[in-house]
Every structure is written in structure tokens, then in C-alpha cells.
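What follows is one structure encoded as C-alpha cells, with my remarks underneath.
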Amino acid sequence: MSTPGAQEVLFRTGIAAVNSTNHLRVYFQDSHGSIRESLYESGWANGTAKNVIAKAKLGTPLAATSKELKNIRVYSLTEDNVLQEAAYDSGSGWYNGALAGAKFTVAPYSRIGSVFLAGTNALQLRIYAQKTDNTIQEYMWNGDGWKEGTNLGVALPGTGIGVTCWRYTDYDGPSIRVWFQTDNLKLVQRAYDPHTGWYKELTTIFDKAPPRCAIAATNFNPGKSSIYMRIYFVNSDNTIWQVCWDHGQGYHDKRTITPVIQGSEIAIISWEGPELRLYFQNGTYVSAISEWTWGKAHGSQLGRRALPPAE
């Protein structure tokens, strides 16, 4: 059975999440096209019609990034498939960001990935979306207006896009990793490091995934030329799979994590420990967003069964 609150959540909604340690924000679309925020501050709250931060085309992809929770950016598409930005800065609240004014039109089936660049106090942003020629395009904000960045090449039409960013302690600048799916259904990585720029190689992390499956990624414990990454995607068995990159081991340990509805979107956040939080739809109350957690103390387990407004 559903609940009145769960019925407000769009089935197969885009999902995005940001955090500052265990202070959490989750974004989703309601059945009227509005983007809402649910939050966790020692307990779950909000997600109601009073917590709308933007309006987007129905079925929009969602991406979000934050610097702690002082600056939050949430990305979606307008009815005309133009990239738009809902922005939050502590002290000024939510407002419409400058992105829509740049009029970057993307494919109607594009997904979105976004990151604040790590290791700097400046507000520098990178967004990844799919153009109508099916290439993955980077869009950059360095404080002086939105511009097109590097084009990462052709991908499967409608591919999921995962992205994460950190700064190695021995590197002068941020590192970026972007994951997407190619026409042959491989899940691949493009990489950027400050001393090399974008590497030309595509690194395959999974040989064959369902077409247009959701992809999400996070990282933790950046050190001296070392990083730990977790990449998630929805596999053909209708479960979320996890692919691990661990320092000294590279890509290894690919395993199923938790069941979802067919076509679920996913979002992942993490903090030191590590602690992992994954958000998805698994059929609870039909369309509620559910949570999976991992921590050293308790290992892998389901967290909140249904985020507000579902219960």
C-alpha cells in the first residue's frame, strides 16, 4: 500500500543528495514537477510542499553538490531541456542560480553530474551532461560566468552520469572522475588530474550493464596519491551494485548491495569513517525513497525505510 505522502513522490524520480558529515539533504521531484528537499538533523524531516526549491520538467534528472552545507547547488532541466540551477548559500537561502541564463541546451534524455572542485575555498563548479550529439560535455563555473569546458566524448544516449572530486594531499589542485556508459554497454571512467589534465583513456569498470542504468559515485579518505572510491549502478537483476576502488588495489570487489525497482535512480553520499548513505526507490509505499547505510560499526544494512514525506 501507498501513503498520501508517498503518492506525492514521483515514481522513478531523479534523486540527489549532499551532506556535511551526518547532516543530510536529499532532493527529489514530486508528482507536480517541483523539486523538494528532505533533511536529516538528528532525525528526518521536511520533503513537503513547503520545502520546494525549484520547478523542473517532469522526469528531470537531478544532481547536487555542496561545500559542507554552506553552499548547495541542485541541477535539473527546464521544459526546454536547458540546464538550470537552484542555489543555496548560508545567509541568503535559496535562489535561482546563474546557470539557466547561459542557455546550455542538452539532449532531452540527458542525465546530470555535478561537483564543487575540492581543496579550494573558491566556489568552482563542474557539471556534466549529454548534448544532442550524445557527447558528454563539461560546463564550468570559476566565478566569472558559466562556460563550456572539456568534451569527454560520445556515450550511450541517455547514459547515467556519476562524478566525484577530491584533492590528493600531494597534488596542487583537484582530481575529477566521471563515469558513464558507452554504446557497447560498458561502464567507463574518464579521469582528470591536475598534473596531466584529462587522460585520453577510458577505463572500463563493468563489462555490460543495462542500458541507461543509473550511476552514482563518491570518494573518501584522500591522501598522498591515494583515494578510496565507491561507484554504484542499477544492474539487470534490479539491485544496486557497488564497484570499489581502493588504494593499492585499483578496481576490485564488484557486488550486489540492495534491491530496487526497475529503473530506479540513485544517489550516494559519504563522510569520514567511512560512512556511506545510498538513496533509491525499492517499492516501499510504491514510490517512497529509501536508504541503505554502511558504517564500520554495523556494516551493511537498510536505513530509513521511507524518507519524508512518505512517512
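Counting starts with 1 at the first residue shown.
Even glycines carry a Cβ here, placed using N, Cα and C.
These come from Swiss-Prot:
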- 1-311: region '6 X approximate tandem repeats' (REGION)
- 1-53: repeat '1' (REPEAT)
- Arg25, Glu37, Trp94: beta-L-fucose 1 binding site (BINDING)
- Trp44, Arg277, Glu291: beta-L-fucose 6 binding site (BINDING)
- 54-103: repeat '2' (REPEAT)
- Arg73, Glu85, Trp146: beta-L-fucose 2 binding site (BINDING)
- Arg126, Glu138, Trp198: beta-L-fucose 3 binding site (BINDING)
- 152-209: repeat '4' (REPEAT)
- Arg177, Gln189: beta-L-fucose 4 binding site (BINDING)
- 210-256: repeat '5' (REPEAT)
- Arg230, Gln242: beta-L-fucose 5 binding site (BINDING)
- 257-311: repeat '6' (REPEAT)
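Annotated features, which come from Swiss-Prot, shown on the structure.
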residue: Arg25; record: beta-L-fucose 1 binding site; Cβ contacts under 8 Å, 6 or more apart: Ala17, Val18, Asn19, Glu37, Ser38, Leu39, Tyr40, Ala64, Ser66, Leu69, Ile72
residue: Trp44; record: beta-L-fucose 6 binding site; Cβ contacts under 8 Å, 6 or more apart: Ser38, Arg304, Leu307, Pro308
residue: Arg73; record: beta-L-fucose 2 binding site; Cβ contacts under 8 Å, 6 or more apart: Ala64, Thr65, Ser66, Glu85, Ala86, Ala87, Tyr88, Gly97, Ser114, Phe116, Leu125
residue: Trp94; record: beta-L-fucose 1 binding site; Cβ contacts under 8 Å, 6 or more apart: Ile53, Ala86, Ala87, Tyr88
residue: Arg126; record: beta-L-fucose 3 binding site; Cβ contacts under 8 Å, 6 or more apart: Ser114, Val115, Leu117, Glu138, Tyr139, Met140, Trp141, Gly149, Val163, Cys165, Ile176
residue: Trp198; record: beta-L-fucose 3 binding site; Cβ contacts under 8 Å, 6 or more apart: Thr150, Leu152, Arg190, Ala191, Tyr192
residue: Arg277; record: beta-L-fucose 6 binding site; Cβ contacts under 8 Å, 6 or more apart: Ala17, Asn19, Leu24, Ile268, Ile269, Ser270, Glu291, Trp292, Thr293, Gly303
Extra residues within 8 Å (Cβ to Cβ centroid of Arg73, Glu85, Trp146), beta-L-fucose 2: Tyr75, Leu83, Gln84, Ala87, Gly97, Ala98, Leu99, Ser114, Leu125, Ile127, Trp141
Where the record says Arg126, Glu138, Trp198 bind beta-L-fucose 3, what is the longest distance in Å from one Cα to another among those residues? 14
Secondary structure split (DSSP) over the repeat '1' (1-53) reads 6 helix, 27 strand, 20 coil
Between Arg230 (beta-L-fucose 5 binding site) and Gln189 (beta-L-fucose 4 binding site), how many Å separate their Cα atoms? 13
Between the Cα atoms of Arg177 (beta-L-fucose 4 binding site) and Gln242 (beta-L-fucose 5 binding site), find the distance and write it as a whole number of Å. 16
Extra residues within 8 Å (Cβ to Cβ centroid of Arg25, Glu37, Trp94), beta-L-fucose 1: Tyr27, Leu39, Asn51, Ile53, Ile72, Val74, Ala86, Tyr88
Counting only residues 6+ apart in the same chain, whose Cβ is under 8 Å from the Cβ of Gln189 (beta-L-fucose 4 binding site)? Arg177, Val178, Trp179, Leu202, Thr203, Thr204, Ile205
Using the recorded beta-L-fucose 3 site (Arg126, Glu138, Trp198) as reference, state which further residues of the same chain have their Cβ within 8 Å of the centre of those residues' Cβ atoms, listed in sequence order. Tyr128, Met140, Gly149, Thr150, Leu152, Ile176, Val178, Tyr192
If you measure between the CA atoms of Gln242 (beta-L-fucose 5 binding site) and Trp146 (beta-L-fucose 2 binding site) and round to the nearest Å, you get 33
Across the region '6 X approximate tandem repeats' (1-311), what is the average pLDDT of the model, as a whole number? 98
Which residues, same chain and not among Trp44, Arg277, Glu291, have a CB within 8 angstroms of the centroid of the CB atoms at the recorded beta-L-fucose 6 site? Leu24, Val26, Tyr40, Tyr279, Thr293, Gly303, Arg304, Leu307
Ordered by sequence, the long-range same-chain Cβ contacts of Trp146 (beta-L-fucose 2 binding site) under 8 Å (at least 6 apart) are Ala98, Leu99, Gly101, Ala102, Phe104, Tyr139, Met140
Around the Cβ of Glu138 (beta-L-fucose 3 binding site), other Cβ atoms found within 10 Å total 21
One finds that other Cβ atoms within 10 Å of the Cβ of Arg230 (beta-L-fucose 5 binding site) number exactly 23
